[in-house]
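Participant: Got a structure for you, written out below as structure tokens; questions coming shortly.
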Ligand SMILES: Nc1ncnc2c1ncn2[C@@H]1O[C@H](COP(=O)(O)OP(=O)(O)OP(=O)(O)O)[C@@H](O)[C@H]1O
Ligand SMILES: Nc1ncnc2c1ncn2[C@@H]1O[C@H](COP(=O)(O)OP(=O)(O)OP(=O)(O)O)[C@@H](O)[C@H]1O
Ligand SMILES: [Mg+2]
Ligand SMILES: [Mg+2]
């Protein structure tokens with residue numbers, strides 16, 4: 001057969017020239033997840049644009065290269081993701097895949113990427129499968145904390161109070177929802193916190209009224225919303241209030257946007273709304289003067305006018321892009337394997353991470369593995385120590 | 001009342017030419033019958049007038065070229081009873097009749113016309129609320145004729161009105177035609193295989209052969225023609 | 001090649017016993033009685049005319065025979081076999097074929113294809129062998145096509161084999177239906193107003209044709225027709241229905257002079 | 001309380017399905033087509049209303065303006081796109097509406113972005129009842145009231161007016177209707193326009209609950225199609241009742257049949273629908289069509 | 001050859017120019033055989049996927065085009081076939097067993113749905129089939145033990161044998177092409193037989209079909225079952241091409257896209273099935289290059305444009321062009337005859 005991944009340019013790795021390094025990505029830019037996919041793409045783009053505007057990435061061979069991103073829409077269809085992968089690796093000849101969006105599309109290409117030794121970096125998914133075993137699948141690396149980690153963070157937050165608490169749980173019927181719930185359930189094991197009601201939903205459900213009504217009957221003290229879709233979260237919050245059920249709310253970070261979720265829900269946070277975060281939110285007043293956040297908002301405005309910087313996926317995309325740039329800078333051996341080597345040992349900070357959080361590469365988890373719990377108060381999020 | 005004139009009309013379907021240089025005139029207030037063998041182009045002639053097939057040449061209604069769209073032709077007062085099932089099967093008998101009169105504003109007169117047609121075809125009253133599709137073949141034909149009349153046309157195009165009608169009803173329809181022509185100021189162009197009856201009530205007759213006018217004249221002239229007698233009258 | 005009928009020994013019945021026996025047939029629709037206690041016989045090889053005013057129940061009777069309508073009472077036997085219990089799609093295997101009052105053709109397929117459909121029940125029914133395109137199937141298909149062409153020629157339609165059926169004039173469509181019905185090799189042929197849309201001369205030809213195919217194909221025929229000329233010319237026997245009831249029966253001449261038939265159906269000349 | 005509340009919730013989501021289903025039925029009744037783009041057309045109308053509102057126009061005025069605009073846009077869609085497919089294979093017409101769906105979705109994303117917007121409710125926040133009786137929001141009550149008005153208006157239009165007869169005639173047999181002088185083209189345009197207007201109303205009614213996003217109506221479409229078919233595709237009141245039935249059954253099944261659960265609850269009304277259709281293929285409120293040979 | 005435009009002339013019309021047809025067919029086979037050896041892996045993948053979806057669309061055509069029933073359920077049958085083979089591969093069972101299992105299961109489910117569905121017409125039938133994908137997706141997630149749940153299954157099947165020296169994409173191409181050619185040939189033969197006429201009659205007029213001895217219900221069930229089997233087989237080929245299956249693949253959107261492909265290609269045409277599938281696979285890739293963000297919008301616009309230009313589909317339009325050209329040539333030689 002052919003060497004699928006060999007480049008034409010002799011010594012240099014595929015996708016790398018003296019002046020550019022080519023990166024490929026596949027996002028859900030259409031379909032029901034288009035909002036998140038587009039946000040992730042815009043976030044990353046705004047960081048890359050800024051780096052390129054400043055000349056490019058200075059790499060270990062002394063050359064400064066501009067980052068060229070080739071991106072395609074997969075509509076969250078695994079078959080299209082596979083096609084995009086083929087196109088990016090054999091036609092566009094990218095150096096690495098970056099931030100491909102969502103669990104299923106990444107799973108569909110993971111085996112090929114590893115057997116063909118194409119780095120599949122910083123996948124935009126909190127599924128553990130992408131990072132937990134980098135000995136077996138060294139070319140696939142996650143970025144954000146896993147959904148399990150996040151679920152466990154809520155559990156820790158509740159158990160730390162050492163009170164009898166009843167919890168109602170609603171989760172999306174897929175690996176994402178399950179992972180949140182698993183992390184949470186094992187986190188509360190043996191504590192005074194008890195799950196008293198549990199519901200799931202399909203991402204295609206128009207509303208979650210029925211599920212919330214069922215959960216409301218439990219009169220639980222806390223509602224853990226492992227809901228991945230902003231409008232459904234907002235609807236769930238307002239439904240609970242309409243039913244006269246006012247639990248404390250735990251919102252997963254994916255849907256913690258003030259503009260997208262909390263304002264539409266009509267809740268003011270007086271009964272307690274909590275979430276977790278690992279990046280600074282653009283709509284969080286406490287960071288209004290933060291340089292990272294100001295840069296981020298300004299760069300988003302330049303690169304993707306009209307896009308909303310408060311969507312978490314955008315901030316994550318930005319942070320992941322920064323992580324990639326950092327990895328490129330630190331890569332000694334400018335080959336695909338060299339890049340993966342670097343990524344597996346990456347430490348340090350990148351823009352937008354919350355104070356105290358750092359990259360922390362390991363072979364059994366994503367480079368980010370901690371989150372902070374925050375509370376919604378007075379119209380903004382504030383970190384809880 | 002209207003005058004219909006065809007001058008050098010050619011028409012066909014796709015590449016197949018069916019009518020070749022057809023010219024004929026249906027005078028104001030007259031009944032003209034169009035005869036011809038199976039496939040001669042009789043239906044096509046009526047369809048050309050109604051705008052259902054495209055043609056070249058001239059078709060003039062009261063001296064003016066007819067429009068190309070069937071609904072526009074109908075709004076000029078032309079009613080066309082097509083060959084075979086001409087009703088809207090999904091609607092009730094009454095709805096079919098009322099649909100025939102949708103363009104009219106003279107409600108009282110519509111009611112009177114409806115009464116009259118129901119007298120003529122009692123089954124239409126008996127089955128007023130049934131779906132038209134359930135009627136027998138002949139009953140549907142009566143409905144189609146009645147529906148066309150409900151529009152109070154000035155030019156009535158009938159494509160084999162006797163199709164499926166019992167002999168008695170056929171006779172009644174043909175007796176009615178001259179009466180309506182007089183009372184309602186109708187001009188009639190009727191394609192009919194029951195040439196005997198048709199020639200008896202018609203003023204003029206035109207014979208089509210392979211898409212060309214083979215003969216034209218007064219009904220009496222045509223009825224006296226030997227070949228016509230053999231092919232169409234059988235006596 | 002002959003197709004095995006599901007009932008053997010029709011030849012035995014021939015002429016000895018009525019081929020078609022209709023007894024006490026009653027059919028109602030909500031509010032309408034289409035047929036009431038109708039009964040008559042048709043002898044084997046005969047041509048029976050069925051006449052009556054519009055809505056008398058003639059087509060409905062055909063529909064009962066061919067299984068579209070389920071009568072509330074009565075029986076219909078063909079060659080001694082009760083046909084009411086046989087599902088509609090099996091009638092053609094019993095040797096019953098029909099034409100429709102309003103031509104029912106596949107307008108976009110060719111005349112030949114339309115006729116070939118009539119031979120459907122004579123071909124074997126294994127999907128697998130059809131998918132594998134076994135040579136036997138091809139051969140039978142060719143034989144059937146040859147037979148269909150002959151029938152089309154017989155009906156004067158040889159020139160339009162490849163014309164889409166919907167493009168034919170009305171009168172020709174009715175003949176395509178006859179060819180289609182004949183290709184199923186029927187023993188009983190039901191014709192619903194075959195002469196409608198034909199000129200006088202054409203009706204004459206049709207009459208000759210019907211008597212000829214009766215003889216050539218060893219057929220029993222029931223024909224519904226408003227064209228009295230045709231009825232007189234071809235029928236051995238006529239049944240008249242009025243308002244769903246049988247009002248007269250006998251030779252064409254007798255029925256046409258029956259006072260009820262005259263007043264309800266023919267009108268005074 | 002759970003039971004009553006689940007029923008009320010079911011009625012509430014049923015009303016959401018019903019609004020879109022009504023528009024589907026309207027198109028079907030006047031043109032004989034099922035329009036897959038109906039929901040997406042409603043979405044773009046709602047965005048227009050939102051834009052007006054965002055620019056300071058009062059909600060009601062914005063909604064009325066969007067409805068009026070949709071009337072025109074719907075008619076144009078029929079004239080420019082659908083017209084060519086009305087006579088051919090039904091599949092072609094369906095697929096054209098799918099193409100329309102995709103294109104409008106793309107246009108909406110392009111103009112307004114994919115991020116959700118908050119659409120103001122034309123009704124007050126809050127609701128009536130509470131405690132043991134269950135609660136029902138003013139939004140839902142308002143939606144139901146508007147629904148009933150629309151249903152009565154449509155019923156009257158189709159059964160008792162000349163225009164309604166003309167619609168029915170054209171949908172049943174355009175060629176025959178043309179021979180009667182009915183302006184077939186204009187009636188078809190008007191039918192689409194009316195449906196688009198009803199769709200716009202539907203979008204504006206449900207947007208406060210579902211939140212405005214390009215895919216707002218996607219998940220509703222499945223239910224709306226089911227309701228329209230179950231209701232017989234030709235009956236406005238039947239459609240609304242079917243939609244309520246679907247909403248309520250879904251909730252009750254999800255709540256009280258343990259193996260069904262939240263993920264499979266949609267299956268229950270659909271399976272029931274199949275059973276009902278088996279015994280009444282023309283839909284609960286549909287008319288059995290007489291077919292003759 | 002089986003890929004030629006289906007002219008449906010059972011009386012031998014199709015064989016009127018046997019040499020021309022055979023030559024074209026042979027040329028096509030050669031082009032298709034050489035293609036993967038010279039083209040890029042991405043191009044191979046596109047053709048492979050095109051053939052995968054072409055089989056699924058052909059299944060739909062049997063149902064929609066031949067018998068006039070509407071189905072929104074094809075993605076579910078596709079999923080059954082895909083899961084059938086993937087589950088077997090996942091457990092280390094032989095692939096052919098998976099193939100058989102997937103295809104038979106799809107056929108059985110299809111038949112079960114068809115028996116009641118055959119009572120219905122038009123949109124009512126469409127609604128029944130709409131239920132299939134709506135239920136199949138959560139079901140696939142629930143049966144996690146076998147299906148891998150929401151994460152789906154990564155499998156490695158149909159690996160290129162050593163001796164061929166072929167890369168995976170090339171081998172997958174040949175496997176899928178061979179499978180597709182086989183089932184296309186079977187469908188073509190069925191279409192040309194008297195069954196083809198019977199299916200048409202069922203579509204045009206059920207009463208008419210019944211009168212000719214066609215058991216309408218049986219034919220509808222047959223069409224439905226065949227359609228499901230083809231859908232299932234396409235799912236099997238899909239796993240060969242993609243080596244992965246997850247519930248996302250079963251969604252209603254795929255069913256709708258396949259219907260769109262069918263309309264784009266043109267009903268009752270084998271070539272149309274391939275063209276429709278090619279549209280579904282290739283156009284998003286092209287529009288994606290034009291603009292990643294607006295690729296979906298552009299896809300929708302292309303869909304509308306093709307439908308507006310060719311309301312009966314691409315294959316009939318091509319057919320007309322070919323016949324016009326042939327007709328002109330035919331006239332030119334006519335005087336010599
Ligand atoms: N839709 C069509 N497409 C192509 N050819 C057609 C079409 N309709 C009719 N023709 C052809 O046009 C010719 C004339 O047909 P037409 O229907 O006008 O005949 P007719 O005189 O009305 O016959 P009949 O007495 O049988 O009704 C016929 O040769 C017929 O084959
Ligand atoms: N499916 C049906 N639904 C309702 N009524 C029907 C149906 N079929 C027939 N009828 C009624 O039964 C009666 C007999 O109809 P049929 O078609 O048998 O009449 P026919 O004798 O064939 O008349 P024609 O000479 O007009 O064809 C008619 O009054 C008709 O309206
Ligand atoms: Mg004619
Ligand atoms: Mg009759």
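For all residues, glycine too, the Cβ spot is worked out from N, Cα and C.
In TrEMBL, annotation is done automatically, which means it is predicted and not curated.
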Participant: Match it up for me: which of D:171-189, D:190-208 does TrEMBL list as transmembrane segment?
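Facilitator: Matching range for transmembrane segment: D:190-208.
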Participant: If you check TrEMBL, which stretch out of D:31-57, D:220-246 is marked transmembrane segment?
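Facilitator: So the range that TrEMBL calls transmembrane segment is D:220-246.
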Participant: Answer with yes or no whether the transmembrane segment (D:190-208) touches the transmembrane segment (D:6-26) by the criterion of at least three Cβ pairs under 8 A, sequence separation 6 or more.
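Facilitator: Yes, these stretches are in contact.
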Participant: Could you tell me whether the transmembrane segment (D:220-246) and the transmembrane segment (D:135-158) have 3+ CB pairs under 8 A, leaving out pairs under 6 positions apart?
Facilitator: yes
Participant: Could you give the residue numbers and ranges of same-chain residues that sit at least 6 residues beyond the transmembrane segment (D:59-81) on either side and whose C-beta is under 8 angstroms from one of its C-beta atoms?
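Facilitator: Beyond its ends, the transmembrane segment (D:59-81) has Cβ neighbours at 31, 37, 41-42, 45-46, 48-50, 52-53, 96, 100, 120-122, 185, 188-197, 199-201, 203-204.
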